[in-house]
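S.K.: Here it is, the structure, as structure tokens.
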Amino acid sequence: MAQHRCVGGNGGAHTQPSLPALPAHLQSNTHLTGHLASRFHVSLPTAKLSSHAFISINTYTSSSKGQDGGKAGSAQGEAEDMADRAFLRLGHRSENQAILFLGESGSGKTTIRSHILTALLNKTSTPLSTKVSLAAYVFDTLTTTKTATTPTASKAGLFYELQYDTASTTSPLLIGGKLLDHRLERSRITDVPTGERNFHILYYILAGTSAAEKTHLGFGEPDAGTGSKRWRYLGHPTQLKVGINDAQGFQLFKTALRKLEFPRSEIAEICQVLASILHIGQLEFESSENTTVAGDESGGFSHEGGQITTVAKNKDVLAIVAAFLGVSAAELQTTLGYKTKIIHKERVTVMLDPAGARANANELARTLYSLLVAYVIENINQKICAPEEAIVNTVSIIDFPGFSQQSSTGSSLDLLLNNAAAEAMYNLTLQNFFDRKADLLETEEVSVPPTSYFDNSDAVKGLLKTGNGLLSILDDQTRRHRTDMQLLESLRKRFEGKNPAIGVSAATAKLPGSNFLSENTAASFTVRHFAGEVEYSIKGLVEENGEVISGDLLNLVNSTKSDFIARLFGQEALHTVTHPQERTTVMQASVSSKPMRAPSVMSRKIRPGTARTTRQRKESISGRQDTLDDIASERGDSRRPVNKPSEEGASGQFLHSLDNVTKSFHAQNTNAYFVFCLKPNDRRIANQFDSKCVRTQMQTFGIAEISQRIRSADFSVFLPFGEFLGLADVDTLLVGSEREKVEAVVDEKRWPTNEIQIGSTGVFISERCWMEIAQLSDMVTGRFGVPESEGGTPLANMPYGASKERLIAAGNSPYNNDKAKSGYFGSNDIDGRSDAGVSAFGGGDMFKNLDTREQMAERGNEKSMVEVEEFKDSPSRKRWVFITWMLTFFVPEFLIQHLGKMPRKDVRMAWREKLAINFIIWFSCLAAAFILVVFPMLVCPTQYVFTGEETLGLQRKRWKASYAAIRGQVFDIGSFIPSTPCPICHQSALHQYAGTDITGLFPVQVSALCKGTTGSVNPAVLLDYKDTNITDSPNVFNSQDLNSRYHDFRYFTNDTRPDWFSQMMITFRGTYKKGNIGYPAQVVQKMAQQRNAIAILNGRVYDFTKYIAGGAISGSSITNASTDQSLLDFMDPSVVRLFLGPARDDVTPLWDALRLTPTLRKSMQLCLDNLFYLGDVDTRNSVVCNFAKYFILAVTIILCSIIAFKFFAALQFGTKNMPQNLDKFIMCQIPAYTEDEESLRGAIDSAARMRYDDKRKLLIVVCDGMIIGQGNDRPTLRIVLDILGVSETVDPEPLSFESLGEGLKQHNMGKVYSGLYEVQGHIVPFLVVVKVGKPSEVSRPGNRGKRDSQMVIMRFLNRVHYNLPMSPLELEMYHQIRNIIGVNPTFYEYMLQIDADTVVAADSATRFVSAFLDDTRLIACCGETSIANAKSSFITMIQVYEYYISHNLSKAFESLFGSVTCLPGRFSMYRIRAAETGKPLFVSREVVDRYATIRVDTLHMKNLLHLGEDRYLTTLLLKYHNKYKTKYIYRAHAWTIAPDSWKVFLSQRRRWINSTVHNLIELIPMGQLCSFCCFSMRFIVFIDLLSTIIQPFTIAYIVYFIVRMVLTLDLVPVLAFVLLAAVYGLQAIIFILRRKWEMIAWMILYIIAMPIFSFGLPLYAFWHMDDFTWGNTRVVTGEKGKKAVVTDEGKFDPSSIPKKWEEYQSELWDAQTSKDVTRSEASGFSYATKAPVAVSEYGFPGSTPMAHTLPADLGAPRHTTHATHAILASRMSLAHSEMLMAGNRQSQFGGSQFNLPQSGSEMELSNLAGLPSDDALLAEIREILRTADLMTVTKKGVKQELERRFGVNLDSRRAYINSATEALLSGQL
């Protein structure tokens, strides 16, 4: 063993590098650990196990420095030594080499691997070597991360294959390489462990991009700044700065890709995908009530306002992601809010909450990153991989992540697969050391002493065994869509008591405090690995193993406009699952967990002269291997097909990849090397050796046992005697056999026995001995002393920590500056790309030649359209468009397009229509305001005048408003008194003047107020004021009042102030004036007749009585007694004569005719106003003003009269009689969408419990799509079926039918279930129709909306009654109703429609049907609906009274006219066909065709069909059946759920208001509405429309009324307000008489909320009239005014669905003859049977699902070979004698069914061939009796006539013919 000594000399124990060379007593883990410690402390961290294995201990410093600073004993030195020996064996023995790395995370495997790779590539330093090295760097960049134990933790298994040509030389030529990645740790992408990093590339791109690049990628924006923003997918911000040069790493990454021949544009695309992944992590989601109306909306009454959806908060980040993915931001948001799963073989769309949307976004991020890694690796392989036929030998470097006790990311699957790989790699090691060549040794008769060791075969078999290993079982359970508990049970059955390495916990456990077993939420299984026992949680493991990529994401990507994204999702790494019936439809997918290629040793062709087993190149490229059979196949289940790769889960794929690795490792002609990497301590402390830590690892890997084995046998080469002697160059003169010659050579060499053994035909020899005998030892000796200047790598001295900067050690760095062969960018690296060019690429903007983000977003929103229809606008539409443009011409298109963000022309047109409608509405409101407010003011302007009585009255009514008159002007002295304290009088004394004329208290100085004719008046002139007290009322104070002296400042007083009165009046007028004294014209005329000089001038009253009588002159200025008359006549005589003439009532014309100078006229006018003014003419009682006054009153009375009529209409009294039992057949339809189980059960149970004959009511539930609503744990279909008791095993075939959708969405598929539902003693037949969608539908399959759910039944009944071809689904519905339930569909006369969240009263159906029977002209009716959740919130409280009044006033009033304009779909019943004639009514052709309108592309049609489909259906009934009535039945009652949030309530009322407007517009032109003039329904409709659009003005008008009443106290406004109050009083009378006392409180709340109902809601509704989801269909204008409908949904061919009954019956017949007849899909029984018997309670033969039939007049031929089935099936009637006595069954659209004698059922089928059916016979009998003479007709005569008409013998049908004839003649039919 001396040859194993180190070159370091003989200094001590540490000088021994070989552990097996140590003495036997040191061959224990403790002693070996001590020996490693002694070497570690002298900088020798390595030790040899044999020539093909060594141990390396991570020093956490330099990996290239050994003892004395040289390579000897260092990790790099040992790695290069192993690489040299592998290369020699590769060249000289043409063997495949495999190097396997074992070690825990942080032990330095990645570094040692890089050293070995560098050393191997140094052997052939070529441009290809550079690319191979670059490929390794790129792989590490994408798959390594920083963990708590190491900065370069590999998180993907690596199988790196170097491909050589060794056929022609012993110096192998590198011709290619192949990267095989195994199972990337995808959970880390979105769940970064605390204190660790994500994959390095994500940090690189964030740090290494330039400013321009950051802006493009969305990193440099203020809200996305890298400095202050925390990136969800990058962990804690401290991880951005952990000593790793991320910026340099990114530049190296880009350079590596360029040198690997990736185009610059593709590198930029890769960076965009990486950026989008980071941005996906930033998306924040919230729940939002989506109030935007879509055509596929469905659900109950509470869903009308909108449904809860999940939306992105940060729309800017969403836009960035969408732009980089090349999709629409809206579609991306929708896709993230939904997720399609496969549950029980059905595709179901789950409506996600914010947490679910976040998980969905994480799935998208993981998918993108996984596909990107696969794409880059596959493209690298395409660049560097050699053709398989050229490959002779390979060197495989195998490095899987180390064993781990727990998952840092929380992923049980990643932990399981990672540890399974570690277990497999360790098992390979054990087999190589202990079991390999065992057979050959035995054949060669060589005995080797056995060595005991820990064998992990149990764990390996338990985990990896094909078929029934743990991973295979997990994969099988995933493919079977089993639950976690079912997986646990399968593991228990497989391993319990059978495999000691795997233990399974109990599936059930007792919870604390409970004695009952419940599901064990902590269930797990335990695996005893070679490195320890690990417990794996079972929770979520099956789903995680599926790694299902939702079909929604794939559907989204299918629409991408990015070629790179399309290539990314188009690669083979994405395994898709297609629909079995439509292979082009991808339902889901998964990213491969195994490499896309296989090892070359497994896949290449056999070369001449070699014995290597290979596969075809085609298999290599695809990388697909035949999958393993599942456990079911071992059980003999031959019905299950062999699993396909696309259906494999992660565990199955990973198992296959491990199998490939294992097989390639064990392949013939493969030599294995092993590198054991150990950690010196657990704390990553440099140069510290923890003996316990190392000893544990030694024990884990069984180093001591391996060393013992090597001491016994260290063989790696087997040489036949001849080859051995050839290498030994034995002297030919030596005599003896080959064996003897070999023995002689061995004796001469003196090799240890553990390194050489002689067999019977050859020699087992160690690699060291082989190299010696082959004289190759010199090629690997002395290499450690090479100085750096002679070819050493200057970067090789970098410590392990250097990998923080470059991920891999310097020796493997593609950026080495070596000038010798060890460098890849040295002188020998010539690949045509200079570093300068690469640097320029990295330093600039890589996106400058690509589209901007805005351009990407715009391209992502584009749609590929196809024309599906061509049409022309109607004349009315053209007129409306013209009006719209006339009203909105001033708004330019570019503003709507850019500012309004409406790129589509039809959306812009709808906005214009909305604006035009709003203009019309606002104009109507303004017109109403003008008529009711402005018009009266214009006709009779407001006068601020007061009569004397009013002045006095105000004083009496309101003390605070104390008014007084001064010279014809009225002032508020009540405000003056407190504001101006009087020092000489008390305030109470002043109040005596309130309501009086106090002009006498204020004497005036005449000369100060009038200039006369000369320009001045003598100051001594006095003129008394003529008061207006003509009624002798004590409200006038004269100048004799004592207080007048305080205001007398005339000329003759001691205190003269001529201007005091003028100044005082100016102040008074500005502050306290309220108006003027008013004199009606008749009063003025009366005063003039009393010899008063009084007249009207310009609407003002002037009095010259005192002036004409003569004034006075103050005595102080006139000395004589005579008065100078000239001083007193200061007024112009012509003016005075005006007041003396005969026509003195109005002298304005005479005044205008006076010839006065302007100065004199102005002077006279001033005198008139100041001295003679009495007041204004009071015109308030004139004819014009009375008209204006009573006009308002008349309008108010008209409006109130309508409400009063509604009140009287609501007064419907009578006894609460219970209707008798009725025998009419009714259907009860319930459309279901995403309601919860409580709502659905309430609706279904209430319908089933209705007090109506159970046999005569059919419960129909239509499920709109396969959707799981938020808060539900099952799809709606499953909830409904569970309520009805249908087993999960029932799975009918989906059948096609026509739906209401765009393009190809018109083709839908559905399933039909039927059976009996038993609840509280009721046994009710039911029919469930679920719309599952075509196979190509991924998101919300089958969902088309509530209107489509109604159309499913309406169209079916329409085709039944009109004898039209049916779709396959409708044929199946017919079969289920007729043959399984046992009722002919034509018998159903009425349909009750209720919503899924509505509960109906028990007597509802009876009351409805009674109304229909009482009035045969009644086509539809509705009942009263109350709120079930009245007290949920204030929003629901304010709706209670409104609901009550809207039914009991509005609908009751409309019911008087027989024209209820809105029959709510939540609770209404319709007449299907006329009672007398059988004519279809509710399902008539006109109604169905109009209601099934698909092209809903205008604002009007969207408001009709998307907002108020129920109201529009009522409109159609009134329009096409105008002779029939619609009524309100107030005694029929139901309860529903009302919106309890403001947003949903607002949206719901928007829908109601807008649909009301548009439906009333449809009704107004109808001329058939009842009665005439103002008593007509048309007038009421017009008033309703008008009141709807002017509601905002109405509330404003009421406010105006209140204000006017408070301020003016006029009689008329008070009366109008009293009338309004009386109206609400009438409403109160209604609920008082009905003892609804609680309505008092609800009414008060409603009145408080009136501004909301009448003002806020209408304004919001009118402006949001175009708030729709416009879908993908639009209208484009073509040539000559033609318009075309285009859509991206494809073109639908209606002929592809309908099918003739003959075809369907023929198919069913063929199917029946080929297999056994099955029972009902739901229960297996026919109706009214409670046991699986073939005879019903009526004695008829049992019906079978395949015995389909229709009436003869429904398309079935009169003569058919399948008539027997028609006869037998027709006997399966729901009622026999009861139906015969029901009456009114005969109809040209359907006949009855009759009992047949027992012998009829026993006749041979051959005798019945070609006979007519019962229905055909019945129809002909009815026709014969209609025209025959009933006095002479006989049964025999009827039979003979039938035989003549049908042309067949009917003896066998005599009994039926006789019974039918009797029934018709007796009136039973």
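Heads up, the Cβ atoms here are built off N, Cα and C, so glycines get one too.
This is the feature table in Swiss-Prot:
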type     : residues                                       : note
BINDING  : G103, E104, S105, G106, S107, G108, K109, T110 : ATP binding site
DOMAIN   : 1811-1866                                      : domain 'DEK-C'
CARBOHYD : N122                                           : N-linked glycosylation site
CARBOHYD : N290                                           : N-linked glycosylation site
CARBOHYD : N427                                           : N-linked glycosylation site
CARBOHYD : N558                                           : N-linked glycosylation site
CARBOHYD : N660                                           : N-linked glycosylation site
CARBOHYD : N1029                                          : N-linked glycosylation site
CARBOHYD : N1054                                          : N-linked glycosylation site
CARBOHYD : N1120                                          : N-linked glycosylation site
CARBOHYD : N1448                                          : N-linked glycosylation site
CARBOHYD : N1554                                          : N-linked glycosylation site
REGION   : 658-682                                        : region 'Actin-binding'
TRANSMEM : 880-900                                        : transmembrane segment
TRANSMEM : 919-939                                        : transmembrane segment
TRANSMEM : 1191-1211                                      : transmembrane segment
TRANSMEM : 1579-1599                                      : transmembrane segment
TRANSMEM : 1612-1632                                      : transmembrane segment
TRANSMEM : 1639-1659                                      : transmembrane segment
S.K.: Taking residues 6+ outside the transmembrane segment (919-939), which of them lie with a CB under 8 Å of any CB in it?
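M.R.: Hits for the transmembrane segment (919-939): 887-888, 1184-1185, 1187-1189, 1191-1192, 1195, 1586, 1589-1590, 1592-1593, 1596-1597, 1600, 1662.
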S.K.: For T110 (ATP binding site), name the DSSP secondary structure in the helix/strand/coil scheme.
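M.R.: Once the DSSP labels are grouped into three classes, T110 (ATP binding site) ends up as helix.
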S.K.: For the recorded positions listed here, S105, N122, N558, which shows the highest count of neighbouring CB atoms within 10 A?
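M.R.: Answer returned by the neighbour count: N122.
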S.K.: Measuring Cα to Cα, how far is N1448 (N-linked glycosylation site) from S105 (ATP binding site) in Å?
M.R.: 78
S.K.: Express the distance between the Cα positions of N122 (N-linked glycosylation site) and T110 (ATP binding site) as a whole number of Å.
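M.R.: So the Cα of T110 (ATP binding site) lies 18 Å away from that of N122 (N-linked glycosylation site).
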S.K.: Sort out the residues at least 6 away from either end of the region 'Actin-binding' (658-682), same chain, that have Cβ-Cβ distances under 8 Å to it, and list them.
M.R.: 36, 40, 45, 49, 52-60, 79, 82, 85-86, 89, 93-104, 106-109, 112-113, 116, 149, 159, 182, 396, 398, 420-421, 424, 428-429, 431-432, 464, 466, 594, 598-599, 601-602, 610-613, 625, 688-690, 693-694, 697-698, 701, 703, 716
S.K.: Within 10 Å of the Cβ of G106 (ATP binding site), how many other Cβ atoms can be counted across all chains shown?
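M.R.: Excluding its own Cβ, G106 (ATP binding site) sees 22 Cβ atoms within 10 Å.
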S.K.: Using DSSP, tally how many residues of the region 'Actin-binding' (658-682) sit in helix, strand and coil.
M.R.: 9 helix, 9 strand, 7 coil
S.K.: In whole Å, note down how far the CA of N427 (N-linked glycosylation site) lies from the CA of K109 (ATP binding site).
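M.R.: That separation, Cα to Cα, works out to 18 Å.
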S.K.: Rounded to the nearest angstrom, how far is the Cα of N427 (N-linked glycosylation site) from the Cα of E104 (ATP binding site)?
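M.R.: For E104 (ATP binding site) versus N427 (N-linked glycosylation site), the Cα atoms are 16 Å apart.
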S.K.: Compute the mean position of the Cβ atoms of G103, E104, S105, G106, S107, G108, K109, T110, which form the recorded ATP site, and then list in sequence order the other residues of that chain whose Cβ is within 8 Å of it.
M.R.: N58, T149, T150, A153, G402, C677, K679
S.K.: Please report the Cα separation of T110 (ATP binding site) and N1054 (N-linked glycosylation site) in Å, rounded to an integer.
M.R.: 123
S.K.: Highest Cβ count within 10 Å among the recorded positions S107, N427, N660, N1554: which residue is it?
M.R.: N1554
S.K.: Quick check: in three-state DSSP terms, what is N1448 (N-linked glycosylation site)?
M.R.: helix
S.K.: Rounded to a whole number, how many Å is the Cα of N1554 (N-linked glycosylation site) away from the Cα of S105 (ATP binding site)?
M.R.: 67
S.K.: Including all protein chains displayed, how many Cβ atoms other than that of T110 (ATP binding site) lie within 10 Å of its Cβ?
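M.R.: For T110 (ATP binding site), the 10 Å Cβ neighbour count is 28.
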S.K.: Say we define neighbours as other CB atoms within 10 Å of the CB. Which of the recorded positions G103, G108, K109, N1054, N1448 has the fewest?
M.R.: N1054
S.K.: Taking helix as H, G and I and strand as E and B in DSSP, count the residues of the domain 'DEK-C' (1811-1866) in helix, strand and coil.
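M.R.: Output for the domain 'DEK-C' (1811-1866) reads 41 helix, 0 strand, 15 coil.
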S.K.: Relative to the Cα of G106 (ATP binding site), which of the glycosylation sites N427, N660, N1054 has the closest Cα?
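M.R.: Spatially nearest to G106 (ATP binding site) by Cα position is N427.
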S.K.: Quick check: of the binding-site residues listed here (G103, S105, S107, G108), which one has the Cα closest to that of N660 (N-linked glycosylation site)?
M.R.: G103
